[in-house]
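Engineer: Take a look at this one; I'll ask things after.
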Amino acid sequence: MLVDVAGSRTFSMASPDCHVCHALRFTCGLRVFIPSSWRGSGWSPKLTDRNPWLQVDLQGRMEVTAVATQGRYGTLDWVSSYMLLHSDSGRVWKQYRQEDGVGKFTGNSDADSVVHHKLPQPVRTRFLRFVPLDWSSNGWVGLRVDVYGCAYKSYLADFDGRSSLLYRFNQKSMSTVKDVIVLRFKSRQADGVLLHGEGQRGDYITLELHRGRLALHLNLDDTRVRSSSARAVVTLGSLLDDQHWHSVLIERFNKQVNFTLDRYTQHFRTKGDGDSLEVDYELSFGGIPLPGKPGTFLRRNFHGCMENLYYNGVNVIDLAKRRKPQIYSGNVTFSCSEPQLVAATFLSSSGSFLSLAAPPPSAVEGLSVRFQFRTWNGDSLLFSGQLRPVSQHLWLFILTPLVTLKYPSIGQKVNDGLWHSVSLSTRGLQISMTLDSEPASTIQLLENLELDKSLFFGGCPRTLDEGNCKNPTMAFQGCMRFILINNQPINILLVQRGLLGNYNQLQFDICGIRDRCLPNFCEHGGRCSQTWSSFYCDCSGTGYSGATCHNSIYENSCEGYRLAGSSSGYFSIDPDGSGPMGPVQVYCNMTENKVWTVVNYNGTNPVRVQGSSVESPYIMHFNYSASPEQLHALVVGSDQCQQEVMYRCRKSRLYNPWDGTPLSWWRDRGGEKRTYWSGSLPGVQQCSCSLEENCLDMSYFCNCDSDQDTWLNDTGLLSYRDHLPVSEIIIGDTHRPGSEAIYSVGPLRCHGYKSLWNAVSFYQEFSYIHFPAPQVELSADISFYFKTGAPSGVFLENLGLRDFIKVELSSQSAVTFSFDVGDGPVLLTVKSPVPLNDRQWHWVRVERNVKEASVQVDQLPLRFLEAPSDGHIRLQLTSQLFVGGMASRQRGFLGCIRALSVNGVSLDLEEKAKLTPGVSPGCPGHCGKSAELCHNQGRCIEQSSGYVCDCTHSAFGGPSCKEEVSVSFEKGSSVTYTFQEPFSFIRNSSSQASSMSTGYSKAVENVAFSFQTTQAPAMLLIISTFTPAFHLGSLQLWYQLHKERRPDVFSPRPLSLADGRLHQVRIHREAKDIYLQARNDVLEDDVALAGTKGFVGCFSSVQYNHVAPLKAALLNRGSSLVSVRGQLVESNCGALADLTTSNSHSGEAGKDNEHNGSNSQHESAVIGGVVTAVVFSTLCVVAAMVRFLHRHQQAQRASSLQEKEHQRRLEAAYHAELHLRNSAFHVQDSIKEYYI
């Protein structure tokens, strides 16, 4: 049977006999073919068909496992891509999506080849609809199809919202340690109970829909008293009231539960003491009946259909259908009624609309409009109509997140993805609106107004010839159904056929809403929000940033903070970067040549121990400020670690002198028993005095083993990394008279970050090293340093069957990041104004996630590209990761690579190089360890007979960029520095760049300086691209990210800074987040105007991004970029202030300060999300930062706020003039002034 509807076709066929399907589900096929007698070669729609499709009726529900397509025989007609829809009734359709959520199927490239698609998840349906999306450019749409699958048998039950099934047990109660519950359902409502059972002792199980999500409540506790702590609630899915089938599987064994909905599984473990589920009398399906009151239910009943319902192997619906006595079926029918509601999807937020003729005016009845809608979007038009006799409009629109009727505004949150019902009615001088079950809101008019001509749903036409309709906001993007005008339902299918009204960019018979936050692709606890076409991650408070909260805002070591120019203090470090472990707070001691990372635990004070024995020992467990995983990452990534154990004793031995049995010992981080007390080699039961051969009694290996009635000392330093830190200490020989011990364990101290200088040299073009394929399906960030003299070469490559990822030096001044995730190859290239093959170190970072891809080289502008909203998301790589070349041994890299990291995991290049020909560990040259040569962002440059430190982009000077540049300001003195700042990102020049954001949301700014003064108030710093406004306060941070808006002010607690001491300030801004670190300072409220006083005191080490304006003022006084007013005197106030501070605290110095941290408390403040209303479309760097001082206050506290600076600032990568006037970036520069 062929049915012709406006050029579309429905093909009906009788199914052949079908045998039992095997695992691949291909043994029996339902082959659908188009007879050659019909148009000679296949299906092709009419040229006038606006939305062509080919529909297949299988004459009954079948399990479809695969489809295949072919073009029209002997023509140039074929379909190159299509959507596949399915439906049980032919009225309510759902788009089939593959595992990546991709809804587009690849079709044919000619008329004869056959393209097969096996469905990852078989679909059970009666109707299939093939909707062409793209077709032959030289012909027209042409299609022949094959459908593969098997017959499907099901046991159906229909619940009308007032019915339920009761499965009664043979005994009073049923106690099980193992349960398996299987069912499929489709629901018409967002709420309703599917299953419930409970016992008298407090056990219960409930499976219910709540706001379109499926929730499993499970309690195995044996008392109601503890039920609140023992219950488990797990939620899966979303938008489950879509009137389509969903599969549920619940498997429980004791406390372990597997909860599966469709293709997603949640594994969890129940709480409480019980292992069995005890249910009394019965299980109910479809509702929770009230005992003794038939037809009365405790919660909202399920309204929809269930099929193939099994409880521990029992087919419940089959028993009910056969009227078995253990089943009570109240008002349940054994078929599935199909609703007649037809939905329409409004696809575009700019062009979708549905236009219907307004009914004739009626003075008695007025006008009433009612419809249902669901959407994720805010700020969109729902309904509008022109009023007469005056030329005005009636608008009903969503104003985030409310639905609003204008005239005037009333509303309630509606952009939550759920169905909402809204009705609008006019009668006389009143307009009323009702939303869901809320009370009606009424508006009183001054005169009678009637709707004229057309009614518009979802938006207005772009042309003005239809009722002069205009969109006050975006058009509606979502679903609508059940449209009634004057209580008469509108047949949307007539609109589709062109018999009623008009429309644009609508999809009929389907609601295409998706929950893009399920699964949640926001990492590290980021909060997901969404619109119709995309999702967004709120990373505030997580310690991570980026489109998916993937990138840590903290350095991964104290070495990173030192390279960024920081001094000693408490910092948060993230040892695995973007990996799963979070940040940990440590103390970074940078006063020595080595940078020490100090991790404290719960108390380092000496502890006295008495009365312990081997049989009943004293045990102390140490809780560190880091987790075991973080400690392991920190220790493994360090060059050396150590921990001091102080043990003083009096008649308390460490070892039994007769057989050497340990009487006291400690446990390492893995919980293993350790019996040595000093040194770097484990297994030797000795103390430090034995290793140093200075024990009081040389016949013993420890001083304490001499068992003297006097205080002895066996303090030692543990330095074997694999055993550190000490997790527990056990003391067992203080039970004898006069026996006692005093011990203390110091903090864990580590230095060095060996991954930063883990380097390898490639000197043969065909050589490479390889690693196992990393886990980069959803997120991949790769960073490394390189230096080379070659014009091109591949840094790394990883391949899959179709997908790949590759980073290469494509020319002597360009780095290219290319990948294919299934939507075709994508190339992102960063071009440098200077050659990159200059045999100097350059930094590269590439990232690809489900939202975007980016590449950055040194401090060059970031280049990024947004991912398509409906494209593939999983990067499927199967081969090894090749570094230094390709698997084909072509275009290999010649040079050095170091610090290679993938998703926060550092790869050991040197170890691999030892086993590979053509590759050697390390990298020759003086700058191989530039961190030890050039400081404070100074750049090490190789010379023929040595090296030189380039301090151009550092606020410091001298041969090693360690000498501070300080200037004393007198009254009326100031420095103004004007510079050109390139934008922080550049558009991709490829065709894929059309979807890229044009805003300035990825702007990054870093400011650092030190000052010393006794004057208050005083102007410190202004950075502005607008006309500066001089605001005054006692050390405040002002920032204005749009010149049309008022500036925001950040004011933490007040303390005086006009104390003559040196104060260090660091400010970091990334997009709309501000991070502040201040040493010996805090901030206060705004104070009245006082900018005329300027600043009197000393400035030191002033840095703004890669520019050092204060140094430029001293060294380039004739430059047109520098303007000096008043008297400036070069000074060394920074060094003098350090000396003064050191002398004043000489009595407090020592290791205990870094261990306890009591004299240096630090606090963090992060401004996140406070400027979310600011429009980041301005194309210039915009940040007005004003700092002021207030009057002296009595109290004083040393305080610092944690900083965040990205690793991209660790090394400057290219030479540029301070003003960057002649830079080769193809972007519009923004002139900016720097005023001190």
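Each residue, glycine too, has its Cβ placed from N, Cα and C.
The model shown is predicted, which means the values in this text are computed figures rather than measured ones.
Pasting the feature list from TrEMBL:
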- 41-150: domain 'F5/8 type C' (DOMAIN)
- 156-336: domain 'Laminin G' (DOMAIN)
- 343-511: domain 'Laminin G' (DOMAIN)
- 513-550: domain 'EGF-like' (DOMAIN)
- 549-599: domain 'Fibrinogen C-terminal' (DOMAIN)
- 758-923: domain 'Laminin G' (DOMAIN)
- Cys896-Cys923: disulfide bond (DISULFID)
- 924-962: domain 'EGF-like' (DOMAIN)
- 1140-1161: region 'Disordered' (REGION)
- 1165-1189: transmembrane segment (TRANSMEM)
Engineer: Measuring CB to CB from Cys923 (disulfide bond), give everything in the same chain under 8 Å that is also at least six residues away in sequence.
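Structural biologist: Listed in sequence order, they are Ala759, Val760, Ser761, Lys787, Cys896, Arg898.
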Engineer: Under DSSP, the domain 'F5/8 type C' (41-150) has how many residues in helix, strand and coil?
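Structural biologist: Computed counts for the domain 'F5/8 type C' (41-150) are 0 helix, 61 strand, 49 coil.
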Engineer: Residue counts in helix (H, G, I), strand (E, B) and coil for the domain 'EGF-like' (513-550), per DSSP?
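Structural biologist: The domain 'EGF-like' (513-550) comes out at 0 helix, 10 strand, 28 coil.
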Engineer: Could you pull the average pLDDT for the domain 'F5/8 type C' (41-150)?
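Structural biologist: Its mean pLDDT is 91.
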Engineer: Determine the Cβ neighbour count for Cys896 (disulfide bond): the number of other Cβ atoms within 10 Å of its Cβ.
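Structural biologist: Other Cβ atoms within 10 Å of Cys896 (disulfide bond): 24.
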